[in-house]
């Protein structure tokens with residue numbers, strides 16, 4: 001086993017890669033990196049058995065990048081990943097690792113992204129292709145992905161691909177790759193199906209086994225909340241209000257998210273600030289100093305920006321965006337519980353991210369308990385307790401006499417009416433409560449939360465499981481929302497831009513988290529379109545839609561007024577009626593939540609989805625590969 005004192009330079013990596021590692025803050029290789037990099041540099045096949053979060057992305061990326069030819073504009077490295085989230089993460093990492101290698105391009109291919117975007121990226125001759133099995137196989141069948149020059153193949157999280165039912169696609173892809181290439185396979189477990197692949201496709205692989213060293217301290221209380229019933233920003237405010245903390249750090253994935261979350265917290269009265277890579281060193285140090293001395297209570301940061309952060313005051317860590325690997329999670333929550341203090345760590349998990357939660361639990365060898373969203377009753381109780389504590393503090397002050405003298409000068413509104421001190425106290429209480437009212441309206445009833453289950457628990461499903469159509473005709477149809485509850489909006493994309501109704505529905509449903517059954521009539525014109533949406537759209541949602549892009553053009557959504565009645569047979573955009581494209585996903589503006597996505601796992605375009613893509617447009621700042629999604 002390699003010693004931790006080994007440096008990346010000792011492993012034989014060249015200057016451009018070492019420079020990139022230095023820029024990224026890498027100091028010394030992890031055990032799996034120290035073991036795998038020399039073998040891969042020497043052209044050996046490698047079979048790596050390590051948990052997520054062990055640093056395996058760098059373990060295979062660095063040596064394969066060093067061995068490729070930047071002058072050859074053809075795919076030389078192919079990485080297979082089980083989900084689009086992991087594919088994007090690996091593509092981002094390989095882009096960072098190769099940033100000082102001139103002429104090296106990376107493209108990510110996954111379901112849900114338009115084919116024309118991916119075809120444009122492939123025509124540019126990327127040397128590195130990262131993708132999900134289904135979409136990669138589609139490109140191979142279409143003849144749009146040429147692997148004749150491939151020199152390196154990586155199967156990342158092979159056991160996860162087996163669990164998700166992709167292993168046949170993986171074998172089909174591997175059978176089409178020319179001989180003479182190098183293969184690296186990484187898996188946390190080694191079931192027989194994976195062993196069969198190693199025997200069939202790998203040449204005397206060097207086995208590398210790394211036991212997880214990821215641990216967490218018992219003085220950090222951990223829990224997770226399944227994102228359900230309201231937006232993450234709204235839920236974050238509730239959790240912060242329900243928690244007792246000295247200072248908190250909130251981790252997000254992108255630089256833009258640090259600013260957006262900080263703005264949301266400032267609007268709700270929290271003293272917060274963003275910390276991201278765009279800040280110069282002087283501003284960064286100033287922000288951290290404010291956090292240390294108590295002038296700042298909440299910091300919103302990315303993983304990179306928070307490296308080296310050590311502030312004893314931090315007693316709460318919120319993983320607003322779940323990290324993609326277990327090691328990052330441990331590093332994040334390690335920011336709390338310093339100097340012998342107890343710490344709290346909260347993790348937000350969306351249903352599509354349950355695999356990442358399972359990886360964290362498996363690596364850390366513990367089960368993280370789930371918590372419920374603080375309800376209105378709890379918030380009201382907390383607010384009253386805090387207010388009562390402030391009142392008690394004032395009751396103990398020594399300068400109340402001069403204020404007591406003012407009571408006699410406050411006259412009742414009606415002549416002859418005596419001043420009722422209890423009523424006066426109630427009026428002053430109402431005035432003093434501030435923006436957070438002491439009386440919290442009860443929560444609106446929500447639909448029951450879906451079970452938080454793995455795909456394995458549901459078992460396989462095909463068309464024959466659904467029963468004959470005649471057996472399903474008694475199901476009640478959902479009622480269409482009355483037009484009187486709708487408003488008409490204009491968006492600046494139209495037929496001349498190549499937009500179709502499905503593009504608009506997808507953008508509104510996904511970016512606004514709105515059920516498509518709450519989307520009304522859509523009409524396409526040459527240079528613009530109109531769309532009906534429920535009344536009461538929050539300003540922040542409209543602002544988000546203004547920046548959201550469809551076919552790489554901003555929507556610039558504007559309210560035109562109330563929707564006008566129209567005939568029930570009217571079709572949207574001159575095409576298929578909306579009833580043929582509905583799905584039970586999203587929510588309306590009143591906060592009603594959906595029952596889930598489309599059961600067949602397909603987008604409005606009919607393309608297969610291999611796991612929902614992370615939301616991304618120019619307003620979120622998510623990095624893109626090969627064009628717009």
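Going from the start of the chain as shown, residues are counted 1 onward.
Positions of Cβ are set from backbone N, Cα and C atoms, glycine also.
If you look up Swiss-Prot, you'll see 6-34 marked as motif 'Q motif'. Annotation comment: Swiss-Prot describes 37-208 as domain 'Helicase ATP-binding'. As annotated by Swiss-Prot, ATP binding site applies to 50, 51, 52, 53, 54, 55, 56, 57. The motif 'DEAD box' feature in Swiss-Prot is assigned to 156-159. Summarising the annotation, Swiss-Prot assigns domain 'Helicase C-terminal' to 232-379. Sequence annotations record features per position, and here Swiss-Prot assigns region 'Disordered' to 438-481, 559-629. The compositional bias 'Basic and acidic residues' annotation in Swiss-Prot covers 446-481, 568-629.
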Residue counts for the domain 'Helicase C-terminal' (232-379) under DSSP, helix then strand then coil, are 62 helix, 27 strand, 59 coil
Reading the DSSP string in three states, the entry for residue 57 (ATP binding site) is helix
DSSP tally for the motif 'Q motif' (6-34), helix/strand/coil in that order, comes to 17 helix, 0 strand, 12 coil
